[in-house]
């Protein structure tokens, strides 16, 4: 008895409280009568993990069985961590005459009696096998939490309700409680702070779960969702000494605690079952200007600077990196936690109107390398898939970086917000441009957009996320119906005889009856003029207008990029572009796949405001199967191939980050293995091999991988191709981390002057 009293005194102490936040526990139990979607499933799972319950056997939890008084006392003792004490109390004489010494719960009942958790039912009896009532169960739980002097039964009922123990339960206070309902109450009680009384006042302590779970203090850094180097099922944390490590995540979602100090409570198998948030200094604001180094700026009148720890982690656009590796862009939403962890969302490098629907396999948005779809692409806003981004959407583009500053992903926020109406007013004040659409005033992004808005004209404008007009929507028409080439009109052309011959997008000639009164003054057109037209309900031509075409005499076409260029102007060709070739045998319809690389093209182009071609008419263009292209690559292997009595060389190369093979027309005399090369391809075969421009023996003083820039010792800067590689002279793939200030390198550049191969030479 003396030892028991001593132990009771020890386990009755309390600790300081931390503000707690509930964490759901997934429903994983061995019990066949507990379904994963049952309302009590997660509660039973945590009680089982903490060894508070082992079920009723067979293997079942007994969700619909009534709770007995002996079972309830056992639950309470185990929740308080008193299982060992109860085992010791078996040797004590039974406290109640109806609980024999060999009763399975005699130790539990003796201990509860000694601790004041149970007083029996009177006349020296405990009534261990009687069915427990709802209010009685609440009384046992509240006593375990340390509450005293509550009125029976409504004082207990009210306190349980205030603590959130009975949410969703609708039981009569004198009704029998079942094990499934009790599991909910016990599980909720685990997260309630225990109380003790000081000078008659309640003082909160640690949550009840602290009695049965081990605890440790951590700062949460990342899960696999924020850093793919973290193993699935683990979470990266800083321990109390500031050391980075990983622990099991268990069945707890740690994402809601990123950057915060927490107390992690773990069960008998070591997996977390509850997280209590510690004291954290949290400040949130909108970034007022681009960050400089490790200094960020509030969006207030003074652009208040906040210097964060040089080694601070930052969850930047959803991925973990270091603050020194990124620039927090103006307008981003910033949360700083304890001055050593930042959460930055909406940090965008660029924004733009989308000109073409995004297709599967597209490497860039708008075929612009500033909008490369690199790594894992996360799309939010109006759509959630990159292939759901459409022409006339407005997008914000940002990147994700790892802790070394490498780009690992792309983030895109999509705004699909257009307003159609009449321009009713325009104004300008200093550098602020305004326009009203149907008398609703909008700010206009710039002078170029503002100049396109004509009062009295109906338009569809594109808005950004701040409801600013950023462009005019290109109108989508059915090209097969609306565009044609004027061939001729009838002679005579009168009210009694009015016909017009047009060449349609499929190159077929069609003669239309015309509504003379509608078109008589519009058909004085030269043969070959590109026009738009409409017909009435009877199929008669009732309008014809010359399209605004642009003639070019020396255009070039690039098949891989699907672009037609003349000088500095680029036009984008799509599957919807009407393509015709005017040959000596008449007009021929072309498909996009018919177009090959070509130069010195004589063309007429009709395009929208974004240079997306609606109609392209070539004049005697020759698109044959012969295509010539240039490839900048690094040769990883060379093989001589013998086929049907002939021999040719096959090169295996790294091109734009991908392994490819190219065949020469004959056997090559030179071995190009482990060399950077320029391949001229004709019909996808090697016609010529040259060596690219190289800067030899360079040493680097700065490597800015985030912005794809490097600087040598002469302070000369080089831009890196997005798909650059680093190798040594033996062809082994390396990384930028292998280059120090004393490392000599050769820099091989492509046709636009960007470094595509860095070769380490020492």
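Including glycine, each Cβ sits where the backbone N, Cα and C put it.
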Q) Which one of 40, 154, 520 shows up in Swiss-Prot with the note O-linked glycosylation site? A) 520
Q: Scan 113, 316, 516 for the residue that Swiss-Prot records as O-linked glycosylation site.
A: 516
Q. Which candidate in 297, 571, 718 appears in Swiss-Prot with the annotation O-linked glycosylation site?
A. 297
(Q) According to Swiss-Prot, one residue among 533, 557, 632, 672 carries the annotation O-linked glycosylation site; which one is it? (A) 632
Q: Quick one: of the glycosylation sites 516, 520, 632, which has its CA closest to the CA of residue 297 (O-linked glycosylation site)?
A: 632
Q | Counts of helix, strand and coil residues, the domain 'SLH 2' (92-155), according to DSSP | A | 23 helix, 4 strand, 37 coil
Q. What Cα-Cα separation, expressed in whole Å, is found between residue 632 (O-linked glycosylation site) and residue 520 (O-linked glycosylation site)?
A. 58
**Q.** Spatial neighbours, same chain, of residue 516 (O-linked glycosylation site) - Cβ under 8 Å, 6+ residues apart
**A.** 493, 494, 495, 498
**Q.** Helix-strand-coil residue split for the domain 'SLH 3' (156-204), DSSP-based
**A.** 18 helix, 12 strand, 19 coil
Q: List nothing but the one residue from 297, 520, 632 whose Cβ has the fewest other Cβ atoms within 10 Å; the candidates are the glycosylation sites.
A: 520
